Structures are given as structure tokens and as C-alpha cells.
Amino acid sequence: MPFTLGQRWISDTESELGLGTVVAMDARTVTLLFPSTGENRLYARSDSPVTRVMFNPGDTITSHEGWQLHIDEVKEENGLLVYVGTRLDTEETNVTLREVLLDSKLVFSKPQDRLFAGQIDRMDRFALRYRARKFQSEQYRMPYSGLRGQRTNLIPHQLNIAHDVGRRHAPRVLLADEVGLGKTIEAGMILHQQLLSGAAERVLIIVPETLQHQWLVEMLRRFNLRFALFDDERYTEAQHDAYNPFETEQLVICSLDFARRNKQRLEHLCDAEWDLLVVDEAHHLVWSTDAPSREYMAIEQLAERVPGVLLLTATPEQLGMESHFARLRLLDPNRFHDFEQFVEEQKNYRPVADAVAMLLAGNKLSNDELNRLGDLIGEQDIEPLLQAANSDRDDAQAARDELVSMLMDRHGTSRVLFRNTRNGVKGFPKRELHTVKLPLPTQYQTAIKVSGIMGARKSPEDRARDMLYPEQIYQEFEGDTGTWWNFDPRVEWLMGYLTSHRSQKVLVICAKATTALQLEQVLREREGIRAAVFHEGMSIIERDRAAAWFAEEDTGAQVLLCSEIGSEGRNFQFASNLVMFDLPFNPDLLEQRIGRLDRIGQAHDIQIHVPYLEKTAQSVLVRWYHEGLDAFEHTCPTGRAIYDSAYASLINYLAAPEETDGFDDLIKSCREQHEALKAQLEQGRDRLLEIHSNGGEKAQQLAQSIEEQDDDTNLIAFAMNLFDIVGINQDDRGDNLIVLTPSDHMLVPDFPGLPEDGCTITFERDVALSREDAQFITWEHPLIRNGLDLILSGDTGSSTISLLKNKALPVGTLLVELVYVVEAQAPKQLQLNRFLPPTPVRMLLDKNGNNLAAQVEFETFNRQLSAVNRHTGSKLVNAVQQDVHAILQLGETQIEKSARALIDNARREADEKLSGELSRLEALRAVNPNIRDDELAAIDSNRQQVLESLNQAGWRLDALRLIVVTHQ
């Protein structure tokens, strides 16, 4: 190679060194100094892995002093290049810059610059980059983006609500599904969509203290959303890092009590500029016109400041119209400002609901009924629709569906309230109760007696709680020497049940973690029963491992022993046997226990076993739950209301279980209350609201589309290719499980989302649902999204050279494969990717500018090519540099037409969609006041900004491949 002192070269193997300068040479070697790092390299002159850096007219270069020059001419003087051009900061022309004075920190970012500088990538990285562009663009365009990545069953009614609400601007809704229908999952899906699309970035979740960990686990395990849990300690700690501690995290969970207890803390919460607020158990927010509770006022303050609000409640409005109004008032105080007016409005919706029921029944409509429909939808000419709906024509059903849809839009709260009931959703198992009455051991009798004497001053409530757990009373007196499990008949019964059902998985729930730990030891030591333990003292990872061991079919644990708090947020649908070693204090917790197994998707009827000790609070409670509320074998939406009204009497019976006088009357009274409330609920069921919330056929199709996407083999092939190239080890463990671990030769030292000790992944939804230790990989999983960002945000694979062995073409024929990206820059919240995601346009040009891309498919072509090592590649590039420049110019002239077509289509689509949405809502505003002014204004503003951003869209060269034909 001809070297001259002062020339600038770049290392082919260590491009991070920057620009090198020739500082010494002899007959056989040359020395380069790399000023940006201060390092020297000695190379052999004859075959050194370095490439001469030469810029061309039209390029912009930077001097070592920092000013830039636009090159007009390149001269050569004594083997050194001199660049002549216009200085950009002073606009001075005919400025010269000798190559020795170039900035040494020069980074080649354009694909063509990297190619000419010898920074040539491996061929497989170029292919990965193109696939990443192609798949990313396709994923952005998916109509159900944000709904596929969660570790959940594809349940239509949940998907329907999430799809509807998740795409709105700053959604403000009340999710009021019955227990077990998955409100938490619906809220998670909405959050996931809003965060993924950029519509929201900061989220605050406020829940009762006992549910904090459940939400933390659900958000992480199901949606890969890592929330920070704020309590007093975390708040104090964060005060050292920021004036407002809540600004130290983007995603926060805290308890309602934590939020309202301290005035300054509440102010900090209100000032933290959240995009979305989620409030669980919103029925605990007590409100009346005269005296709203402190909790209610705290949430009201937040709801006034946060644009998006999701309230979750399981209590139907029929059990308290005033509290129902209060929750709607939090969502839209302008719309729901007068309780009396609200009650009157609700009565007026009856005819709408009747009309829908009439249409759904499918019977011929009378003239009166047709007239009533005409009156209800009076502002539009629906005569043709009415005629079609009442005919025997093929389009009769479609006409009825459209009329139902029109009526839905007019329904008072259909945009702010969603409620599904078990009656309207299919797929739930039966629940069968098996009670086992056992004698009270003398040791417990003595302990209870002594406790009664010593605790005479205790409140009835405290005594009742003690009496529920006699083993705890006994242990308190006996201390560490107490071995209650040696005589407690429940332990003997449990061992007998487990040994006679060895092939079945059994979930055992008890109130305390200590009870679970002691039972595990007894089962293991006495009967050799494999039992996993699950309690609040364990980390999330430890609980995952326990859950995974329980889930394993052949070698896994037969039984999982859970404490009350430890089991929150976990579902074990693969098991159908539940043992309640003791009973919880209220019906909500009882339903939560059964809900661990009683979910949509449970394949078997649930067997609920309750071994209880006679003459204890357990015997009182088992009767009250079963005979008074029917809470074991059916969900009990009335449970909390009856529990609150019967609380004082019930506590007395629990505190003194031997006093049974009047208990039968209490049970009878509660049963009558339960039946009356249940009938009231059934009668007041809002069929229209249920139809709207359920989604019908549309929701079924959505679930089916996502299921088909689950079978996409492109994802598996791409992910494995990505892991290979990034340098992540893959170990196939069978059963559709793969273990990923970091290697020593990764593209980046720490791959975002991959733990240091690795992780287990699966591409199968069913496997992910039964194996909580396995991460469910979809296009929306952080591992894949981070991988796409890693490849596409840098220059990995942006320039390469390949050989094409093809005797039909002359040796040395040049082809250049160009990948342009058409894109628009805009704030993330505009969600521009719906219309114009970064879209790759591939060209395959010969030296005459003929584009062969349409005739030569990428993957087929890629398989015909072979790689070239970097050193040989650099020589090839230098030999054909002028030809490549000419082909690049031809590419620049051709891309404009394709790019303009893409941009024009995106503009048309955006205008049609956003204008159509705005027009529809403006028309509905006349008949449904629940459409907020700020929502209409936001859609209009969004439309204008989107169209303006699309006007500014452009294109750039993202990657190129030089192909040289050979016959060898």
C-alpha cells in the first residue's frame, strides 16, 4: 500500500480508535497514531487491516478545531489530500483543509461512509437489520398493537374493553366487572397499550395496602411493567434524590392510606404530572353530598390533575346508586354534577335497554315498537334500516346489529362504564364444597379457655380473630416448644387426603405464613409429600420458582402451601383442588382464595375442601359463608354489603362460638337479604351495558386474530437470529422452554432486559400461563423491543459486501442493495407509527439503475450470497468506489417517488381516520353527553399535529450491501 506521512487511515478491526495518522514507516512496517485515544499501532505495509479515509465532493467534514466544511473539490498534493469548500459557520468559500487537520474523533454514521471507510459488517448482520426494519414496521401497523404481549388467556370481553379504552386519548373510565372476570388484567392491558404507543409515560396506581404486592406481581409477570412500590421508607429515601420523590420513578404503586395520610405527600403526588391514574377497589371511596370521606377527597384531588383515570370496582351500581354516582363524578365532574338529575336520567334509559332486548330477541317488531325505535334515534333517517331489520332478507341481522350499535352510542354511560357479569360470559367451572367437621383437641380447648380469661378486656373483634386460628393461640402459650401439628386433626386429614390423591395438584391456603411453613415440614418429614411454599416473606423470584415447581407435571410439587398475602396476584388454573386449612375473616378474601383457581380457562370443576374444628369460630364462619351467603359454590356480589350489615352480630358469634342462640336466625336473615339483593341485581342488570362491555362477535374476532398472530413463526426465527448475533447463549430445555444466558462476547456488555444469571423463555402462551418462571416472548416483549432498538439505533449491519456466484452474469458485475427508511419525526404521544412507522424500501440496482428488487425476493437472494472477509472487502470497495457512487446517485433519484407515495398514503389514512373519529363523536355529542369536550379538542389537535408531522416526513439510506459477481 502507498503510505505517506500525515495520511489519515482507519482501522478495519478497531474502528472505535477513530482516525489514525501515519507517523512513521520503513520498508516493511507503518506506524499509525490514533489521537482520540492516544494509542499507536504498528502494521505490516504489505497487508495491513487499515483503509484510507477519502471524502468526496458533497460530503461535510469536521476540522480538529470543530468547524465544518462542505466539500466542493478534492486535491492531492504529495500523496496527501486537500479538501476545498465552504466553511459552514462563516460561509466563507474556497477554504482549504488538509487531511492531517481532520477531527480524529470522526464517526462514520452513513452506510456509504462506513463502506468506503472499510467499516464492513458481517453479512448476517445486514440481513438481521433488514428483517428488524421490516418486522418492526409490520408490528407498528397491527390494529391490536399492545394487546398481544401480555401473559394472559385471550378472553374476548377483556380484549374488547382494553382495545376500546386503550386507544382513547386520556381515557377516564370505570371498570366494574364482577369478581373473577379480570378487571386487573383489563387495566393492565390498557396501561400496556398506552405506554407502548407513547400515549402515556407516567402512571400511578393506588390500591388498598393488602393488594400492593398483587398489583406489583401482576404488572411485572403479565405485562413486563416494572413498577416501584412507594411506602414511608421509600418516600423518605427518595427525598434525598429529588424535591418531589415521586419524580424519581415513572411507574409507581402506593396504598390509598399512604396517599391520604400526609398532606405534603398528597401535594407531591398531585404535582408529579402523571398521565394515568389507576384506583383499585374504588367502592371503598365513601361519598355523600354533605360528607365525602378523606379518601374520596384525596382521589378527587388527583383525578382533577391527572388526564387519564381508571377506576376499578366490583360493586354494582344497584347496591348503592349514590356511591356509583360518586365514582362517575370523579371521572367527569362536569357531566355528573347533580345526583338527582343522574337518578332521573338512569330511569330514562330503560326504553333504550328494552329496545335493544327487543332487537336481540330476533322476533318481528310491531308498529309500536318500530315507532319507539324511530323516536329513540330520531335525528337520523333510519327507515331503510327498520324495514330491513323487520324483514326476512339476508341483511336483516346486519340491520338489527347496526340499530343496536346506534342505541349503544346513545346509552348514558356506555363510554365511561364497563361491566361484564358471569351470566354474560361463558367459560366458568362449577364449584363444589366438601366440608369436613373435626373434633376440637383438648389442648386447644385448654388454650382457648386460658386465652379467654387473660384476654377478657380484648374487643369482640380481636377475640373473634384469635378464635379463628386456635393453633396460634396454643403456640403463643407454648412458645417454640409447641407442636400443634402433632395433635391437630386437620393435619392428619390433610395428609390422608394428599396421599390418597397423589396424582392431583392441590392448592392449600392458610392465613399465616408460619402455618404454611410448619405444614410443609410436617408433610415432607412424615409422608415424603413434595410441597412448595408460597408466602409474603419470599422474593418474587423465589415465589416464581415455587410456582414453577408446583406447575411441573411429573417431577413437580404435589401441593402448594400459600399464606393469605403470599397468594395474592397468582392464579393456578392447572389445579382444581383447593383446601382451606382455615377460613378468612371476610367474604372478599374468601372469593380471592377461590379465585386463585376459579378463572376463565379453568378446565375442571373446582373441589373446595374445608376441614374445620367444631366449637370454634371456624365452625361459625363455615356455616355463615355457606348457608347465609352461598359464597363457596357461587360468587357472591352481595357478600360485602351483607357482611357490613351483619358485622356486629357475626363478630359476637365468632368471639364466643359456644353461644349459638339466635345464630340460625342470623343465617336465615342473611340468606333472605342475599336472595333479595341477588334478585334486585338480576332485575336491574343493564343488558345494554353488558352487550357493550362484552363486545360480542367483534371481540371474538379480535381474540382469534391475536391467536393467529401467536402462531407467527417469523418471531421465533427472528428472535433466535437476534440472540445469536447479539451473543446470547441459548439452551433448549424441551417442553418449549429455552434458557438464555449472557456470554462473554456480546455486542453490548449488558443486554437490556436479560438478567445477569439469565432467564427462561417460551414462545407458547399456554406454557407461559402454566410456568410463571418462563417469560412469554412476543414482538412486544422488552427483550425483543430492546433487541430491535439495539440493532436499529446503531449502525450494526448498515454496510456489508457479498459475493454472488452466478455464471449467467459476467464476472465483476456490480449490484448495490439499498435499504431506505421513510419516516417522520414527532413526539411519541402523537402515535405517528399508526400511519407511517419507519418503513423500509428495498432496492437492488445494477450500474444502469435498473431496480431488480421486485423480481429478486430478499430471503431467496440472501441465501445465494456468500460472505467476504473485511480486509478483502476493503480492497474491493476501493477498486469500485466510483461505480458505487454513481449507483448511489441513481438510487437517490429513484427513492423519491416510492417515498412520496408512502407519505401521501399515510396522510390520506390519517386524515380519514382522525377526521372520521372526530365527526362521529361530534355527531354523538348531540345525543350522549358523556363525550367530553376536552376529548374532542384533543382529537382535533392530534389530527392537525399528525398531518403537519407527516408533511415533514422524509427518507434516508439506512443500509447498503455491495454485491460482486464471481464464478468461483
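Note that Cβ sites are derived from N, Cα and C of the backbone, with glycine treated the same way.
From a predicted model like this one, the values you see are computed outputs, not experimental measurements.
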I'm validating the feature mapping. Which of 280-283, 696-699, 756-759 is tagged motif 'DEAH box' in Swiss-Prot? 280-283
Six or more residues beyond either end and a Cβ under 8 Å away: which residues meet both conditions relative to the motif 'DEAH box' (280-283)? 174, 183-184, 187, 205-208, 211, 215, 256, 299, 311-315, 323, 327, 330, 640
Asp177, Glu178, Val179, Gly180, Leu181, Gly182, Lys183, Thr184 excluded, remaining Cβ within 8 Å of their centroid (ATP): Glu186, Ala314, Asn420
Cβ-Cβ distance under 8 Å to Val179 (ATP binding site), same chain, at least six residues away: Ala314, Glu591, Gly595, Thr635, Pro637
Just give the helix, strand and coil counts over the motif 'DEAH box' (280-283), going by DSSP. 2 helix, 0 strand, 2 coil
Any idea what DSSP makes of Glu178 (ATP binding site), helix, strand or coil? coil
Given a 10 Å Cβ-Cβ cut-off, pick out the one of the binding-site residues Glu178, Gly180, Leu181, Thr184 that has the most other Cβ atoms nearby. Leu181
Give the sequence-ordered list of residues that share a chain with Lys183 (ATP binding site), lie 6 or more positions from it, and have CB atoms under 8 Å from its CB. Leu175, Ala176, Asp177, Asp280, Leu312, Ala314
Which residues of the same chain, at least 6 positions away in sequence, have a Cβ lying under 8 Å from the Cβ of Gly182 (ATP binding site)? Thr152, Ile155, Gln158, Arg599, Ile600
Can you tell me how many other Cβ atoms are located within 10 Å of the Cβ belonging to Asp177 (ATP binding site)? 25
